[in-house]
Amino acid sequence: MAINTSKQHGDTENNKLFTVQDRANILWFWHGYLKKRAHWLLVVLGMIIVQGVVYQQFLSLTESGLRVIFDSGVARDLIRICVLVFALFGVRALMSYLVPRLSIWLASGAVLEMRQDLIRHLMTLDLAYFERTPPGEIIMRLGNQAQDLSAFVGQQTVNAVRDLTTVVIVSGYLVYKSPTLFLTAAVVIPLIVVMLQFVSKRIKDIQAKAQNAMGAYMSGLEEMSNGMRTVKISGQEANERKRLYAATEEMRGLAIKLQSAQAIVMPAIDLMAAFAYVLVIGGGGYMALSGDYGLDGAGIIAFLIGLVLVFDPMRMLGQFFARLQANLVILRSVRSLFQETPSIRDMPGATDQFDTSADIVCDGVSFHYSPDAPLFENLTLTIRGGRTTAIVGATGSGKTTILSLLTRLYNVQGGQIRIGDVPIETLQIKALRHAFSVVAQDIVIFNNTIWENIRYVRPEASDAEIWAAAEAAEIADLMRARPKRAVGPKGGQLSGGQKQRIAIARAILRNAPILLLDEATSALDQTTEDKVKRALLRLGAGRTTIVVAHRLSAVTMADWIYVMDAGCVVEQGTHHDLMAQKGLYAGMYQVQKGNYD
Ligand SMILES: Nc1ncnc2c1ncn2[C@@H]1O[C@H](COP(=O)(O)OP(=O)(O)OP(=O)(O)O)[C@@H](O)[C@H]1O
């Protein structure tokens, strides 16, 4: 019963032109981005009022002109009226030029600020947000939707204010001329409101679906373009084409539905306007003929022209309300990104002071990516400062996750990680991450030159430092060979080993006190690996180094080795200790050695 009541309430709420949420979103946009521009908005409003007054004056002059024609017949008066009407429309034209210029400047400024806030906010969000949100959705919010809002606020809303002002001013004049006739015409207004309410919910529903479809389409495009190698090798072009065709067809269907829902508004208002005209011609004609109402033929004609001047902007207002519904959905979607809050942030009083060469201790750490699949429960291990520690073990056993927890890409859910005596939650995130050089498994390469890709981790580095890092990582020759050529999106024009060497050069250039190497040399040939390893050894000398590797031959020199299995440390010791234990490690080592022999 309670559910029914709340559902009914939700439906009634959705049927409204503005739901509580819509009102909150509009207020948010007003307070955040428009209020500070209120003085300029007043200037625009002033100009818009001038435009409305022009129409009212035009009506008044038309009535005088008609009287001149019907009654006095003085040509000079008629010429004076014509000149005045022309001058009035000249003023309106000037306003029509200035209003959009000023309003676009204001709206684009407001949306620019909102977009920059969105970008700033996005940068604060947890890695987990990006791992669960399709990129298409993010691109859509920051790209299309922000653009749509800019156009809507800048042009359509200002036009609507102009139309509303015209309606109010001209209606006021018509009320003054004949309240009875005006009330007769006004019977259609409640009908217009009911019709707008009827289409409002439909438009909102379709716009929400259209948005989802657009997000899915963009994500699909992104996936297809990133995965083109797999698409081609597995001969899935036709399926990809079908998938994207289906998405475009869905978008087309929704666009047509949206236009159809919006298109009802104009003809409906036209019909109602016609009804009002008929009432005024009939009622007004009767009033003029009876002579008891102080209205003559010129008055009735001027009144009718006035009605046309009211109904034309009213049609536009109707259309505006239909578009407003769609834009309210867009505003809701854009604002929802601000409602995502980061869970990983600096705690009050976070410090940037800690001993980067101290031991790193995971003390009873528990962690899961999703509650139904716990990964670590009470994981305890120590990484000795200034030494090399290796973490090995089966795929999926949690090795990379440990590195993510150390750098606070994720927060532990139980237990504590300390560097020295300092829990990492009490450190400023920036300072903590600054202490790490990372060669990760998923190397991110930007579509820029190799030089810029290396420099990315330390933009202030000198040319000599970048060359030295590139030489040590064995990528300098390639850098010389293609000094100005970008490496393609996601480094698509490079081999896996070349990307890995760029990542190693970055780590060398960054020169941070703690080095994390996650399968850092797995894609290199033996000769290159030997050279790069020597460079990494030099880099790692005296620094805390954590090596994650599947190839156990890569970790035999480590000072300590942890062997992981399903989120637990199952063995630990030096290579010799572990070989002597003849356990999991020794078994894996023998198998791998056998494979190489
Ligand atoms: N971002 C994520 N969201 C949800 N689950 C994840 C995420 N990253 C990893 N996992 C899961 O957590 C577990 C541990 O993953 P992790 O990458 O730490 O393993 P690993 O030991 O480094 O594996 P590999 O040797 O294959 O690199 C795996 O079961 C994996 O599916």
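Note that Cβ sites are derived from N, Cα and C of the backbone, with glycine treated the same way.
Caution: TrEMBL annotation is automatic and unverified by curators.
According to TrEMBL, the protein has these features:
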- 38-58: transmembrane segment (TRANSMEM)
- 41-326: domain 'ABC transmembrane type-1' (DOMAIN)
- 78-99: transmembrane segment (TRANSMEM)
- 181-199: transmembrane segment (TRANSMEM)
- 264-287: transmembrane segment (TRANSMEM)
- 293-311: transmembrane segment (TRANSMEM)
- 360-591: domain 'ABC transporter' (DOMAIN)
Please report, as numbers and ranges, the same-chain residues at least 6 past the borders of the transmembrane segment (264-287) whose CB is under 8 Å from any CB of it.
178, 180-181, 184-188, 191-192, 195-196, 199, 293, 295, 300, 303-304, 307, 311, 314-315, 318-319, 321-322
Would you mind listing the long-range same-chain contacts of the transmembrane segment (78-99), meaning Cβ under 8 Å and 6+ residues beyond its ends?
44, 47-48, 50-51, 54-55, 57-58, 61-62, 64-65, 68-69, 158, 162
Same-chain residues at least 6 beyond the ends of the transmembrane segment (181-199) whose Cβ lies under 8 Å from its Cβ atoms:
15-17, 171, 174-175, 261-262, 264-265, 268-269, 272-273, 275-276, 279-280, 283-284, 287, 295, 303, 307, 314, 318, 321-322, 325
Can you give the mean pLDDT for the domain 'ABC transporter' (360-591), rounded to a whole number?
90
